[in-house]
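One structure is given here, and the rest of the page talks about it.
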Amino acid sequence: MKILVCISNVPDTTTKITFTNDNTQFNTAGVQYIVNPYDEIALSKAISLCEGGKGSVTVINVGESSTEPTVRKALAIGADDAVRVNAAPRDAYFTAFQIAEYAKSNDFDMILTGRESIDYNGAQVAAMIGEFLDIPSVSIIKKLDYDGTTATIEREIEGGKEILTVTGKFVASCAEGVAEPKIPNMRGIMSARTKPLQVVEAKEVEQLSTIQSFQTPPPRGTVKLVPTEETEKLIDLLHQEAKVI
Amino acid sequence: MSVLVYVEHADGKFKKSVYEAVSYAKAIAEQNNTNLTAISIGAVEATELSALGKYGASKVLSVNNEQLKNFVNQAYASVIAEAANAENANIVVLSNSFSGKGLGPRVAVKLKAGFVDGAIELPVVEGGKFSVKKTAFSGKAFAITEITAENKVIALNPNAFGVKESAGSEISVEDFTPADKASDFAAVVKEIIRATDKVSLPDAEIVVSAGRGLKGPENWGMVEELASLLGAATACSKPVSDADWRPHSEHVGQTGITVSPNLYIAIGISGAIQHLAGISSSKVIVVINKDPEAPFFKVADYGIVGDAFEVVPKLIEALKAHKG
């Protein structure tokens with residue numbers, strides 16, 4: 001079994017988000033980068049599926065050389081080898097196209113991603129890879145069982161869940177519940193340095209969208225405090241002033 | 001050219017988020033002086049379909065065959081792209097729902113369209129540029145994204161635009177028969193399980209959320225009672241779902257679900273930056289916490305500094321009195 005896991009290099013979840021150059025660029029000053037937390041779930045699932053010599057896990061990242069520490073982290077967690085497509089990701093279409101191109105010339109049984117990256121929150125790459133490869137894709141999955149040919153998948157839907165099966169190759173984007181994130185151990189960290197990391201050049205593809213600028217949410221006014229002994233007043237405020245109940 | 005909106009049904013019915021998507025798509029059609037066509041896939045009754053006219057659709061294409069009864073994104077994407085081509089639509093709108101997230105990207109690739117997910121405002125068309133505001137950095141920011149491609153796909157966030165009725169739209173409902181593509185059906189839906197008595201979190205108008213301040217899963221009764229009185233969905237913070245006090249599907253925050261309700265009530269949640277990211281587009285925020293220094297109060301509109309076990313039962317009583 002061969003599994004490809006897509007890894008995104010994202011700012012740590014505690015990052016305060018600010019912008020530079022007239023709000024056109026994300027301010028990377030002082031930002032710590034991590035493996036996208038959802039991708040870690042996907043990677044941990046892939047590693048468990050391949051445990052005991054049942055297969056191998058390749059991680060792929062579309063990014064410039066600055067993302068290599070994140071790729072090495074994925075190797076430390078337990079991926080067998082890594083590929084970096086050497087380009088700054090322009091949009092999800094670009095990223096998905098590059099990964100699909102790589103997957104076309106390498107035979108994978110499944111491709112796993114996180115449900116979305118925590119920076120641009122597109123949740124697009126998995127389904128786009130599926131479309132480029134003309135294979136099924138299942139977005140935002142909560143559970144994955146695989147018997148070697150057929151996957152039984154649980155995915156989230158509004159107010160419940162859907163259970164489906166997929167036979168043959170597929171792409172899935174993983175959410176919480178699919179696997180417990182694995183933490184690299186010392187052996188993993190040591191071996192990550194010498195595991196193969198292949199760099200391939202990006203292929204040309206048209207750009208379909210571009211971010212013009214960013215905004216941060218407007219600051220909120222000061223909080224109106226209601227004393228505990230007058231709790232019922234909160235209901236009046238929500239009804240008459242805020243008009244939300 | 002025209003605008004096409006995909007109307008996703010749940011058990012044959014449309015939800016508010018669909019009417020929002022239709023209202024939004026109608027406003028885009030008006031920006032472009034063109035008509036709005038809706039496409040429905042699966043078994044939906046004619047009355048339900050023609051009700052879409054109220055929100056501005058002038059035509060509904062209805063695909064109703066056994067093979068397409070259940071949502072399979074690969075197959076549905078083929079149908080929607082085919083309908084877009086048949087209608088000469090260069091803008092496709094859909095809801096940014098769980099299914100929408102699996103569908104929109106496939107439609108975009110088929111149409112070679114620029115795709116914006118999580119749109120929260122109408123597109124701005126200015127100087128030949130078409131741009132859409134969307135959420136980014138898990139609610140910590142917004143990104144103004146320009147779609148440079150001729151074809152455009154936009155997935156609208158729930159509770160972002162509102163439902164708007166359009167006056168005097170005549171609507172026609174037509175059957176639409178898509179091409180048969182057997183290879184689109186490698187995924188097979190086996191079972192759909194929906195809790196019918198619960199409000200779904202991502203598109204809820206009111207959310208009651210609780211954190212570690214509740215001390216244990218056995219204390220969620222009052223949270224559920226408050227939610228039920230408000231017609232709200234229940235949610236929780238990450239530590240709570242990590243401790244398995246509540247299911248992961250209730251975890252709101254940067255690595256969980258992002259919500260944008262009209263009212264978000266946070267009980268016993270301190271307000272870590274990751275949690276705040278997931279709720280920052282809530283219209284009104286109420287915080288109940290016994291720690292007056294809890295960071296959550298900085299983003300709250302209303303607050304009560306007090307013990308949840310004292311305040312929440314009082315709120316429940318007050319709400320019952322309010323509802324008479």
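Here the Cβ of each residue, glycine as well, is placed from N, Cα and C on the backbone.
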Checklist entry - Which one of B:Arg212, B:Arg246 goes with B:Gly268, B:Ile269, B:Ser270, B:Gly271, B:Ala272, B:Ile273, B:Gln274, B:His275, B:Asn289 at the FAD site, as TrEMBL has it? => result B:Arg212
Next on the checklist: These are the binding-site residues: B:Ile269, B:Ile273. Which one scores highest on other Cβ atoms within 10 Å?
Outcome noted: B:Ile269
Checklist entry - In DSSP terms, helix, strand or coil for B:Ile269 (FAD binding site)? => result coil
Next on the checklist: If I restrict to non-local contacts, at least six residues apart, and a C-beta distance under 8 angstroms, what lies near B:His275 (FAD binding site) in its own chain?
Outcome noted: B:Gly211, B:Ser237, B:Lys238, B:Val252, B:Gly253, B:Gln254, B:Ile269, B:Phe296
Checklist outcome for this item: In all the protein chains shown, the tally of other Cβ atoms within 10 Å of the Cβ of B:Gly271 (FAD binding site) is 22
